[in-house]
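Below is one structure; the comments refer to it alone.
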2 protein chains.
Amino acid sequence: MQFRPVKEQLDILLRGVAEIIPADELEQKLQKSYDAGIPLRVKLGVDPTAPDVHLGHTVVMRKLRQFQDLGHTVVLIVGDYTAQIGDPSGRNKARPRLSHEQVLENAKEYQQQFFRVVREDRVEIRYNGEWFSKLPFSKVTELMGQFTVAQMLEREDFHNRYVSNSPISLHEFMYPMMQGYDSVAIQSDIELGGTDQKFNVCRGRDLQMFEKMPLQIGMFMPILLGTDGKAKMSKSLGNYVGVNEPADVMYHKIYNLADSIVENWFELLTDVPLAEIKQMMTDVASGKLNPNVAKDRLAKNIVAQYYGAEAAEAAAVKEKEIHSGNAIPSDAKECRLDAGEYKILDLLVQVKAFSSKGEARRMVQNGGVKLAGEKVSDPMMEVKVSGSDQLLVQVGKRNFFKVNF
Amino acid sequence: MQFRPVKEQLDILLRGVAEIIPADELEQKLQKSYDAGIPLRVKLGVDPTAPDVHLGHTVVMRKLRQFQDLGHTVVLIVGDYTAQIGDPSGRNKARPRLSHEQVLENAKEYQQQFFRVVREDRVEIRYNGEWFSKLPFSKVTELMGQFTVAQMLEREDFHNRYVSNSPISLHEFMYPMMQGYDSVAIQSDIELGGTDQKFNVCRGRDLQMFEKMPLQIGMFMPILLGTDGKAKMSKSLGNYVGVNEPADVMYHKIYNLADSIVENWFELLTDVPLAEIKQMMTDVASGKLNPNVAKDRLAKNIVAQYYGAEAAEAAAVKEKEIHSGNAIPSDAKECRLDAGEYKILDLLVQVKAFSSKGEARRMVQNGGVKLAGEKVSDPMMEVKVSGSDQLLVQVGKRNFFKVNF
């Protein structure tokens with residue numbers, strides 16, 4: 001196979017990377033692959049514990065895609081065995097153990113989303129039960145013997161749990177060994193991960209050395225901050241953009257991104273040349289460019305990756321219409337209530353717009369609630385609905401509830 | 001099966017025991033066995049890492065023998081899998097890993113000695129590879145998940161190594177789990193061990209609880225002090241009496257036992273009734289009984305267990321003969337040298353009686369060396385030997401060398 005020159009490959013692959021360990025070996029690996037005409041094997045291990053993929057996960061996936069576009073092979077390890085333990089990285093307690101059935105179900109959902117970023121060709125999907133289900137006990141003890149307790153307890157997450165008397169189960173110490181052995185089993189050249197994966201990825205190198213085979217290098221991508229610009233993107237913090245969200249919802253979330261991380265998102269989530277990004281940011285800083293123009297470009301670029309350019313344009317248009325009250329966003333919640341007469345505050349609580357009538361009353365008094373497009377001003381108002389009616393409730397700018405009776 | 005009444009069994013079984021965990025359950029187990037007519041399964045696990053059995057090991061073996069004599073079943077676990085890790089109990093560093101072949105070889109040697117104390121009937125010998133070689137990886141992680149890192153690091157030996165930065169390999173944390181799982185596999189009722197085995201034996205209870213089966217109790221025997229009366233008996237300290245040593249050597253070592261532990265050895269290594277032992281000790285303390293009479297009885301009693309009463313009497317006689325220069329002990333070392341002329345100091349170094357000529361000279365000058373029964377007085381003396389001669393070299397009271405030419 002004929003690859004692009006190493007220098008060109010490096011230009012693409014180094015974009016956005018936080019760290020490579022060891023730093024100097026990527027070029028050597030690429031050169032060797034180029035000379036021999038053999039693709040590199042680029043590993044990503046995932047535990048499909050919670051299969052919802054968001055843009056934070058795509059930072060690594062986009063890097064895999066770059067490797068594929070350059071002719072290399074991606075090996076996706078689905079950790080059906082490791083998921084039963086759960087990666088303790090960055091955790092402050094043991095994860096609940098998942099059943100094997102649950103893990104396989106999650107894995108299916110995960111892959112559907114994974115392939116929205118990664119090509120379906122040039123990929124090898126391997127479940128690590130393939131080797132772990134057959135690993136003899138004597139091999140387990142041999143592999144465990146390659147690591148020390150102190151080495152594990154130096155890891156920040158384990159260390160913190162140990163000193164704060166939060167229990168660490170012994171099987172959690174097996175996790176890094178398992179992730180490392182995955183690299184042995186698939187003869188990985190490069191393992192990708194977030195910077196929180198450094199410890200585990202280096203264990204793969206250890207075990208490859210123990211097995212006297214060529215050593216993988218670790219390539220670490222930064223952890224993406226969520227839309228609030230403050231914390232790591234995560235579903236539970238509500239600062240995420242899911243790859244399965246509708247185009248207009250995706251657009252809306254990105255268009256309202258915290259200013260401080262627009263540049264970082266451009267670098268990690270788009271192919272816009274770095275020089276162009278720099279120029280945009282300079283222009284925004286000097287007042288020459290409205291920051292919303294930059295965000296519109298970012299939002300359209302990302303939406304287009306998942307839905308195409310046309311859908312991205314449409315999402316931008318819809319964003320304006322929703323803003324001026326002429327459209328309803330795709331993530332409006334729907335629910336069903338019995339026909340009859342409702343006091344407006346009861347209705348708002350029943351559709352779960354508010355958790356108490358007190359909260360609902362304050363919002364009505366502040367003019368933040370609309371019923372079928374009309375502002376509600378009287379908190380004592382009554383609403384009468386008969387079967388097959390649909391009622392649109394709007395709370396604040398963007399919180400819509402379609403109520404069916 | 002009809003057993004002796006529980007009270008009678010307890011009288012025998014409680015002799016010399018250091019601790020039972022939980023203390024009140026032995027009587028219950030015995031009662032249940034008595035009522036149902038079913039023998040108890042009494043477990044001892046051994047790692048045949050170094051197969052030389054000495055009297056220290058027999059303290060536990062004699063207890064097993066008592067259980068057998070009362071009709072119960074001994075289950076000897078030969079840790080062919082655990083031995084490959086090595087019990088870290090009381091250790092300050094990881095043991096070297098043994099090969100499976102070496103372990104099996106050691107196990108054979110071990111059993112030959114084991115059966116000098118334990119009956120060959122009413123015993124079940126199980127190699128733990130029987131279950132560990134088939135233990136699936138998912139089960140390993142499940143079992144490991146029953147223990148915590150903190151629990152392991154509370155163990156004194158692990159704790160000391162951790163705080164002194166002496167590495168603990170992760171596979172050593174698997175050892176207590178393995179010993180515990182042995183108890184599950186063989187459905188142990190009682191596990192025997194030295195007091196240094198408390199931690200591991202209690203892990204067996206943990207795993208039996210996890211597997212929802214009846215829980216074993218732990219019965220712990222004291223650690224026997226060596227002939228010096230100071231340190232735990234051990235081959236490397238030279239304060240041991242091996243069960244395979246010749247009768248006269250055994251007798252000699254016991255007859256020269258430190259006074260302070262004669263009573264303890266009587267209790268742990270003989271069946272002499274406790275009241276009789278007490279009386280003897282009182283008589284020795286008051287000067288009514290020569291301590292050597294007590295030691296002679298102890299030595300004869302123990303030698304008789306291994307070689308019979310007649311051999312024990314003969315050993316006592318021989319001890320006196322050696323003392324008066326009329327006999328050579330069985331542990332005299334033998335070696336072969338070329339015929340020719342030797343300076344006496346060279347000869348002494350060549351037969352390894354001394355490591356330097358300086359040492360040899362001092363001993364000769366002190367009158368501590370005999371050649372063929374004659375004291376050597378001249379350190380410059382020359383000895384001429386021709387083929388097929390045998391020369392007897394004696395250093396001090398009891399160190400003999402038979403030199404063949």
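Positions of Cβ are set from backbone N, Cα and C atoms, glycine also.
Heads up, TrEMBL stuff is auto-annotated, nobody curated it.
Taken from TrEMBL as is:
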type: MOTIF; residues: B:48-57; note: motif ''HIGH' region'
type: MOTIF; residues: B:232-236; note: motif ''KMSKS' region'
type: BINDING; residues: B:Lys235; note: ATP binding site
type: DOMAIN; residues: B:331-401; note: domain 'Tyrosine--tRNA ligase SYY-like C-terminal'
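Broken down by DSSP into helix, strand and coil, the motif ''KMSKS' region' (B:232-236) contains 2 helix, 1 strand, 2 coil. For the motif ''HIGH' region' (B:48-57), the residues of the chain that approach it from at least six positions outside its boundaries are 78-79, 83, 86, 95, 98, 103, 106-107, 109-110, 113-114, 116, 223-224, 226, 232-235, 240-244, 265, 269, 302, judged by C-beta separation under 8 angstroms.
Secondary structure of the domain 'Tyrosine--tRNA ligase SYY-like C-terminal' (B:331-401) per DSSP (helix as H, G, I; strand as E, B; remaining residues coil): 16 helix, 26 strand, 29 coil. The Cβ of the residue listed as 'ATP binding site' lies under 8 Å from the Cβ of B:Ala50, B:Asp52, B:His54, B:Gly242, each on the same chain and at least six residues away in sequence. Broken down by DSSP into helix, strand and coil, the motif ''HIGH' region' (B:48-57) contains 3 helix, 1 strand, 6 coil.
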